[in-house]
Structure formats: C-alpha cells, structure tokens
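The active site, proton acceptor annotation in Swiss-Prot covers 92. Marked as heme b binding site by Swiss-Prot: 256. Sequence annotations record features per position, and here Swiss-Prot assigns region 'Disordered' to 1-20. According to Swiss-Prot, the feature site 'Transition state stabilizer' maps to 88.
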C-alpha cells in the first residue's frame, strides 16, 4: 500500500483564507455546532426508531441477498459475489471506533463523508455504497445509511454460509462530517511522522498507525514487510478498539476468509479519490485507466492477494493455508510487498477468469498471526478447532459493528441477541414501581435535612452524569457506577468526599425502600440525580429565583460484575474544566479539553457557557479550590461569575508556578482579587464564547440565567435516558 507522498491539502490560488488558516491555534468552538437541525433534511420531529419499527425487515434482507449475486457491468462482482466487498465496507464503516473518546465507528454513517470516504484504506468502497443505493432508495427513511452499511455486512456473511451473532438497528444518520475527531496531524496519506514517539509508541489520542488507514499498514510498519514488527502495531490499534488478542486473530482471519485485495497494476493508474474527483464523476473516486478499470484490472490497495480457495464461502482455509505452507516475500503487479506460498500448486481461483488459478498469497500482517508467539497460539487453536474460530469471529464481528451503539436499550429489530455482554455496560431492568410526585417531594425534604451542602449535592450528581459520551453513548448517571470501581476511586471524584455523600444517600435510599408501600423503590442512580436537583433549586432560591428542576425517575443501579473496570477506565477525565480539575497526565490546554468534554456531552455554546458559570457560582471545583469562583456569594446561582470575569477593572496575569493558573488583579491597586484557570479565562478571551457570556452577564439576564442553567443541567442529567427520547 503506497502513500505516493500525496498531500491531501492542495492550495487553490483563489480560495478564501479561513480564520483557521490565519490562526491555526484558534480554539475550535465550532465543533459544538455540528449536526444542528439546519443540516437535517428530515426535520426536528423525525424519529428514526419509530420509522425503523415500520421496516419490512425480512423483505429488506431478502433484497440484500439478491444483490449479493446481481453482478453489475459497471463494477463486476469478484467471484460472482459482492459479499466480500460488503464485508469490507461494513468493517471499515465501524472499525474507526476508539475507546479513548468513543469517537469514530459506524453509528452515524460517517463513511459517506470526508475524510473517510476518501481515505486510501477505503479505496473503491464508494462502489459498494452505490450498489446499495437502489435498496436504500426503495426503503427510504425506514433504514438509515448507518444501519444499512452494517446490516449489509451481516447479510453478506450469512449469504456466504456464515452464522452471525445477530444484528441491532438504531443508528440514526447525520448529514455532514464529524469535525470533532482527531485523525492525526500528518499532511500526507499514509504518513506516520506525527503520531509516533520513542520506540514506535503511538500517540495516545490516536488509534490507526498511519494517516488514512483504519488500522495498520498491511505491508508491515511503514511498508517494511516485517511481520514480527507488525504485531506491535496491530495490538496498539486493536487494543484501542477494546479488542483482545483472541478477538484480533478472529477478526483478521475471519475477514480474510473472504474475497481478495486488488493490485492489478501500479497505483499511478488510479484517479483522484471521491473528494478530489471532477464534478462529472458524481462522487465516484479512484477511476482507473488500467485496462477496463474494474474486474480483473482493478487497482485498489495495490496488493494482489486472495487468501482462500473458497473466497465467497465460509471455511477454515485461511488457517489451513497459513500453517500448511512456508512463505516467501514477493511483490504484487503494483509493487506492494506480499507473500506467496513456496512450492504450492495453483489452487486459488481467479476472481473473474473462469478456469484460471493462482498460488496462495498472504499479507505481511497475516503472517503475524502465525509467527507472533501469542497470536500464533490462538491461530493454531482456531486451525485445529474450526467451531471455536467461527464462534469467536461471530462474537468479535458483532462487537466490532455494535461497540459504539451504547446500551442494549437502544437496540432495535428482530435479530437482537438475548445474551447480555459486559462491553454493553449492562444495567438491570427496573422491576419495581417508580416513585411518584409525592414520593419525590418527601425525598427532597430528606435531602434538604441530610447535612449535605449544596456543593456536595450538585457536585456528586455532576460527577455521576457528566461521564456520558455522546460519541459511543457510554457513561452517564444511569447505573450509579460512581459508587463502583473504577469511578469511585478517580481523583477527580474526590473519593473521601464521595464516600461520605454516598453513605448519606444510601441511608436515605434504604429508609425509603424499607418503608415505601406498593412495591415502590428508589434507585441510588435516581437519588443522586434528585439530590443534584435539590442543590440547584436551593442555589437558585438563594439568588431569588424559585425554580423546580424537572426530574424523571427510571434509572437503576448496576452491579460491580456488570462493570468492566478496564473498559470504564477510558472514561476517567484527565482534565475536567467544569470542575476546574487538571490531572497529572493532562496533555492538552485546559480550554481545549473543556471544549472536547462539552462536545462529548452534546452541549451547545450557550449551554456550555451557562453551565460552567453556574457551576462556578455553586463551586463544585475539585478540592474546593477557588479558581474561577468569581463571586462573593458562592452557593448562589447567579451570573456574578460572568460579571466579574468581564470586568475591565481586573487585569489577568499568569502565575509563574502553574501555567494553568492566573491571578486577577485590581488595575488600580494591584491587589489580587481572584484566581482562575485557562478553562475560566477562555470565556473572556475567545470571541465566540465571550459574545455568549456577555448575554448572560447583562442586567436583564437574572431569570434567563437560572432558567437556561436548569435546562442545560437536566440535559446532562438525562443524557443517557434513551427511554425518554
């Protein structure tokens, strides 16, 4: 797979320079505005889950099965079956997921947009989506592109004799690219110069080893042909997808049981990718001028490899060939490094010429599965036990294609597996009667006399709910996992204070559940959120505004055995600007981390502004530090923090001992009035954030400030309440 050192950033002479061109380090506040209703052609009231329920699922699958062997002249099917290329399409649609921030994946159909639609690793997948268009057009909005891409991969596997683990719908489309994902800083396709350090240590914020690849270079690190060195790259990227060694082997071998790679001629024959193609190409890219440009003359990755003798049928032949032969390095017609079986007969069928056969071939990264000691043990076991291999691939494929969907409660359709899987972050179903309005009033009274401060009530609820990530729908208040490992021990959650608050809340919960009649119970998850509501109401009352924070019961409490400690460790904030916390492992400026966190919480610029200034007014800062608490009346929910931040009578200067902390001094006397962090001062320095901060700091904004704070607060508290949508 050659990079050809192509720069994806051409500099058009007449292109207007953007603000980002002038100021490359400008804070990307715009990521909070992506996927607004203005870009949605279906309107605000469209409910995909309801539309999906109207889908004739059986008929759709039947149409997909027919498509598999309905070869089209403009893009003929290899081996007379489109299944392998649809498996690749589904794999590449979902395989961009990474655990560190939950971004990537197939949950929104992003493969349709740049940069993914034009990545070198996705070469000619545009043809697969065009083959699907007649079916998408037929079924309309009852099936999203995001769901269709994955379902088609499943049907492809089934049509080739494989039994899948199941399928769940529920992936709603968006209509523009995700701009919040960090794919890397390289300026050439397949570049690696910005993402590695030391002994080839991959940047902790990235998953793929090369710019424009889903995973790793199939020719080995930087095209070296070194199958032993490839093991480190493979583990680095697959581990960041939450896959273990067995899942890695199963996925690679399972995927390479089907189809072929295409390298009939040098890659110089390929035309521009979809985003760079001329307008008359109508979004199709990589048009080749070699021979017919398709079929036997296809040029995709540059590799020319067919792994098995039954490339359109499930078998164990990948492992049979891997272990049967010794391998020697060779080059494809395109010049890519690959491996051919020594002293082998021509047993591999040609994809388009009937009666023609080839020697078995493998990728460099395929040989890694045999010769790496740990991968080798697993591969040998799968070779000797085909049923174990099939089971492992089915489960790993389901995980790959569903990992970013969140809890099972979001799953739709008749093929949802009944088995509960630990990576789905399971929560027990509510099997008791929920509290009513009178119960909520009584519980609020108990909370008011509990001895817990407003800061403790609000801070604990925030700590619980703000773990939510809109990217992969993980975290949130439901489950009350803040009382379980690892969350209970996170430094940002102040373990000692948290233990004290939880003990008090558990006492209130126990008293209520023991005395309530009619089978009523309250979960700790609900009580934590209700406690936060009480704190907010008290803070608003202190500001002279009476408000009732909306509360919806229905959460339940997860168990420790339902909580994968290692998996949840990825949710621990290194920096949390909402609580003015900067951890020891923080690697980005606090204001950048704040915007990133706000985006994961699905907050708009106004919601972010009113939330953080209100939380500063209440002071839920970790350790009770006063940074950013720019008010003489902490605990009162008013706009005084913003008033003081925007006060020109204060001059801000950095503190020499801490690059994140600043002193606000009186311009006349030089006296220190306040301290603040970068996460505070950004609301005065960034022109967009300042414009919104000014609205909330105005004299007529008293009630609006509280009202908008409550709305944003409830949004975060209910972020994982998919049952309320």
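A Cβ is built for glycine as well, from the same backbone N, Cα and C atoms used for every other residue.
Each residue contributes its Cα atom, and for residue 88 (site 'Transition state stabilizer') and residue 256 (heme b binding site) these two points are 10 Å apart. For the pair residue 256 (heme b binding site) and residue 92 (active site, proton acceptor), the C-alpha distance works out to 14 angstrom. Around the Cβ of the residue listed as 'active site, proton acceptor', the number of neighbouring Cβ atoms within 10 Å comes to 22.
In the three-state DSSP scheme, residue 256 (heme b binding site) is classed as coil. Of all the Cβ atoms in the protein chains shown, 24 others lie within 10 Å of the Cβ of residue 88 (site 'Transition state stabilizer').
Summarising the environment of residue 256 (heme b binding site), the number of other Cβ atoms within 10 Å of its Cβ, over all protein chains shown, is 24. Mapped onto three states, the DSSP output places the residue listed as 'active site, proton acceptor' in helix.
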